[in-house]
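**Student:** Right, I'll just put the structure down here and ask away after.
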Amino acid sequence: MFKLINVINIWIYFPILLSVGYSDDLINMSTVPSPLSRQRAIRLPNTTFPLHYHLHIKTNIHRNDLMYIGNMTIDIDVRESTDEIVLHAKDLNNFTLSVYDLETGLPLHDLTYSYDANNSFLIIHAHEYYQVFEAGFKYRLEILYEGIINEIFLGLYWLQYQNNENEMVYQAATQFEPTGARLAFPCYDEPAFKANFSICLTHGDIYEAISNMPVRSIEPETTDDVLTTCFHTTPPISTYLVAFVISNFGYISAESRGLTQRVYTPTSTINKGEKQLNASVHILAAMEDFLGVNYTLSKLDHIALNKKYGAAMENWGLIMYKESFLLYNDEADSQVKFKGYLTLAHEIAHQWFGNLVSPIWWTYAWLTEGFATYFSYIIIDMLHPEFQSMEYFLVEIAAKAYSYNEYSMRPHPMTYYVEHENDIRSVFDIISYQKAACVIKMFHHAFNQKTFMQGINHYLNKHQYSVVNELDLFESLQDAVKMDSLLNEHNNWTSSVSEILLSWSHNKWIPIVTVQRNYDANSITIRQQSKNIESLHYFWIPLNFASASDNNFESTTVDYFMPPVKEITLSVSDLNIKLSNDDWLIVNKQQTGFYHVLYDDENLMKIVQALQENHLLIHELNRADIFQNIQPRIEHYDIQSAQEIFELLKYLHYEESLLVWNFATPIAELLGRNLYGTATQQLYKKFIQFLVAPVYNRLFNRPIIDEELTIMELTTQQSILSLACEFDLPECLKYTQRLAEDRIIHDIQVNNNSFMSDAVICAGMRYLNDSQFDAALKVLSNSASQDYLLYALPCTQNENHIQKYLKYLISEDIIEINMNISDSLINIFYMFKSNMAARPIIWRFIEHNYKLIIHAPFFLEMFNRLSEYVHTEHLKQYRDLHQQISTALQNFDNIGNSTLISADSSRIGRKVRTTESFLQKFGTEIHEWLLHNQFPVFYASIARTNNASKHYPHIFSTVSNLFKKIFKIVLL
């Protein structure tokens with residue numbers, strides 16, 4: 001009697017079946033009543049469950065042969081009596097199947113299989129359907145099959161590298177998340193079906209095979225140039241985390257805390273992985289200490305692949321990276337290092353969140369991606385505070401999460417059920433990554449950081465090697481909160497943790513919290529709503545407070561949980577906060593909460609006054625938060641008075657924080673677009689010059705120092721430079737024009753950072769003289785490699801230069817730079833959107849030249865999009881042009897898939913309606929405010945009264961001299 005003894009014995013028997021078949025017991029496809037007529041769910045049934053996979057794949061990729069042979073043996077537990085075993089297989093063929101009783105070793109006869117292509121189901125069943133698989137029994141299913149190593153970077157795919165002898169060499173690698181394992185081998189390809197994997201790979205002897213686990217054995221085959229590498233058995237693992245690579249790479253290694261880590265790369269680039277290997281050792285150790293749970297495998301490999309898609313994949317014990325995220329030289333700038341460290345930390349965090357504890361279904365993808373995103377920033381902040389990663393979290397992660405909800409037409413909750421493969425892939429989006437990270441961060445602070453991490457530790461320990469849903473996490477956090485005596489002392493919410501968290505994971509919106517103070521009663525009314533004002537789904541919102549009487553911004557634990565109601569009024573004593581009538585009040589300390597906060601006008605003006613008197617009394621993150629929260633209100637002109645906005649902006653001329661400027665700059669640009677072309681434009685330009693001049697000069701009018709800047713610093717510096725030049729700050733124009741001329745005429749690189757370089761060249765292009773502009777156009781015409789000029793030339797503000805560039809774009813000269821007319825139209829549309837001065841010129845250009853470009857595939861799409869920017873006062877001219885184009889189109893039989901926008905379409909002018917409404921409501925008020933506040937004595941008085949000037953006397957001395965210089969220029 002054959003019995004299952006151990007893994008090694010299994011592999012003694014079953015690899016033989018790759019070459020030898022048992023004809024008596026094999027299942028052959030025959031004509032049977034098709035089970036495909038049965039109505040099936042998209043997901044696998046729960047009647048059977050895999051216990052152990054034994055996978056042997058034989059490849060000949062070393063001979064450039066992409067065919068492979070597979071032998072998959074699965075030990076299966078039958079949990080409910082059933083007439084079939086259903087598993088996944090896709091794009092595999094030539095199946096031969098056998099089924100054995102695992103207890104007796106005897107084969108099952110009278111079986112066949114069917115294939116459901118719609119669901120990628122391989123279905124094993126009797127010729128005549130009956131309950132052949134009884135509950136409580138275990139079976140061994142062996143499947144011999146063939147497959148092709150593909151080139152779609154999903155499943156088992158191939159890559160090419162050039163070796164040191166300049167020969168092209170094939171490699172094979174896997175990408176199974178989320179539903180790619182079925183492309184490589186038959187399996188239960190859903191995350192809930194965790195099982196052990198024992199893997200063997202047969203490959204050329206010039207190659208090395210690596211997988212999730214360490215190598216158990218390497219044995220030569222009968223063919224001289226072939227080896228079979230077998231690996232130790234994995235712990236229970238979801239199929240999407242199984243991984244292997246066959247390559248001729250070399251590696252470097254390091255050992256720490258008994259764990260070996262290796263970085264695999266092509267041998268020619270092996271030294272480029274040293275920094276990341278060292279970083280990985282420190283990151284993993286920091287993650288272990290932070291979570292209080294050790295990494296559970298005995299090795300962790302990192303491999304650099306020249307794949308085209310994705311940054312990295314967190315396979316358990318074998319993380320695969322796009323080369324640029326794992327390999328770089330010593331000369332790499334801080335951006336490259338920071339992004340590389342973040343990627344490492346994100347994938348290492350997945351070794352716990354996703355690998356050790358896995359989601360039961362893709363509904364809960366946020367349980368893996370949200371934690372990996374947030375904790376990666378925390379770990380990098382611990383190890384490398386110089387990167388200011390938590391500040392960048394606000395700029396990058398939180399900003400994306402807020403904007404997605406603001407602009408997406410189809411937001412969805414974090415917990416979001418999907419079934420189809422395409423829908424499963426789509427759930428790996430901003431919601432699962434960025435929004436979930438922000439919500440996790442909020443409760444990390446609200447529940448007390450130490451208490452929250454105790455809950456996480458309990459969650460990981462309790463559910464290791466298993467699968468979870470969100471309630472498992474919430475239960476662990478609930479237990480931790482109940483154990484915190486301080487949280488339980490004055491709070492009645494501490495037994496409602498699951499309810500609190502469910503209000504966030506099942507709501508697709510972001511709350512907007514309105515704080516309305518009653519100064520007579522010294523009470524506060526708090527209201528919540530969302531962008532969708534019709535939504536009746538309310539949140540439990542963790543609020544905390546700072547005031548002029550109690551400006552402790554460091555404690556970010558919740559002060560009061562607003563229940564899921566539309567509105568509640570509480571006295572100051574109920575909230576246990578210190579607040580007098582003259583005090584300002586700030587809600588959401590350090591932006592730890594994931595919600596917008598709006599204040600009544602009087603409180604907002606108290607905050608503004610405090611900022612003008614001494615902005616350092618309010619935390620930097622909350623100063624930034626004020627601008628972030630007010631921007632959507634301006635965009636939708638949801639403000640009662642423009643005065644409060646301009647009073648808020650006014651203090652910026654002594655704001656040094658780049659983080660604050662990062663959130664303030666978009667508001668300054670937004671108002672500038674709204675006021676462009678009005679009588680107020682020049683007044684506003686002078687106002688912005690006064691605001692931005694001090695910070696611009698601090699950043700750019702100083703000796704160049706070879707210093708490492710963080711991504712946030714680089715990004716904000718670019719924004720400040722663009723703002724200063726957009727509003728014609730003389731120093732900025734002079735500086736960027738000189739650098740632009742050096743770059744274009746003398747081919748001197750502006751900056752190692754391409755992002756900053758593009759901003760400098762664009763700004764420098766604004767006011768070139770005729771000879772300089774002609775020289776730039778000549779450089780573009782003579783070299784297709786100078787494509788940076790395609791983004792810089794549209795920045796010009798000179799009408800003649802704009803016309804000259806437009807004519808160039810529809811000339812035959814564009815062939816010399818590998819462009820066609822559609823490329824040119826895309827460039828024109830880019831110019832229209834980014835350059836306000838070019839818009840009327842482009843409309844006239846289209847009016848005079850539409851007959852020359854109407855045949856281009858992109859013309860109608862471009863014209864339809866431009867139609868959204870037509871102001872009401874120009875509707876008559878637009879309709880005349882529309883009629884001319886409509887008539888001209890009658891001469892064309894085929895103009896592609898696009899159709900001309902209807903002359904009465906509601907899309908026409910929709911992009912500028914908000915601007916028109918804004919000007920109608922606030923135009924006069926803004927003009928009068930700017931007239932009243934355009935005197936140098938006003939700004940001097942602000943500087944004198946602001947106590948922050950005592951902290952930075954040298955800055956305000958510089959500002960004073962700068963103002964005198966500016967006024968000499970402005971008044972000329």
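The backbone N, Cα and C atoms fix where each Cβ goes, and this holds for glycine too.
Feature list, courtesy of TrEMBL:
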SIGNAL    1-23  signal peptide
DOMAIN    50-241  domain 'Aminopeptidase N-like N-terminal'
DOMAIN    276-484  domain 'Peptidase M1 membrane alanine aminopeptidase'
BINDING   His346, His350, Glu369  Zn(2+) binding site
ACT_SITE  Glu347  active site, proton acceptor
SITE      Tyr433  site 'Transition state stabilizer'
DOMAIN    584-854  domain 'ERAP1-like C-terminal'
**Student:** To what whole number does the mean pLDDT across the domain 'Aminopeptidase N-like N-terminal' (50-241) round?
**Tutor:** 95
**Student:** Do you know offhand how many angstrom separate the residue listed as 'active site, proton acceptor' and Glu369 (Zn(2+) binding site) by C-alpha?
**Tutor:** 10
**Student:** Counting across all protein chains present, how many other Cβ atoms fall within 10 Å of the Cβ of Glu369 (Zn(2+) binding site)?
**Tutor:** 27
**Student:** For the recorded Zn(2+) site formed by His346, His350, Glu369, which further same-chain residues have Cβ atoms within 8 Å of the site's Cβ center?
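**Tutor:** After dropping the recorded site residues, what remains is Glu314, Glu347, Ala349, Phe353, Gly354, Thr368, Phe371, Ala372, Thr373, Ser376, Tyr433.
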**Student:** How far is it from Glu369 (Zn(2+) binding site) to Tyr433 (site 'Transition state stabilizer'), counting Cα to Cα, in Å?
**Tutor:** 5
**Student:** Rounded to a whole angstrom, what is the C-alpha distance between Tyr433 (site 'Transition state stabilizer') and His350 (Zn(2+) binding site)?
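**Tutor:** Distance (Cα to Cα, whole Å): 12 Å.
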**Student:** Of all the recorded positions here, Glu347, Tyr433, which one's CB has the most other CB atoms within 10 A?
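**Tutor:** Result of the Cβ crowding comparison: Glu347.
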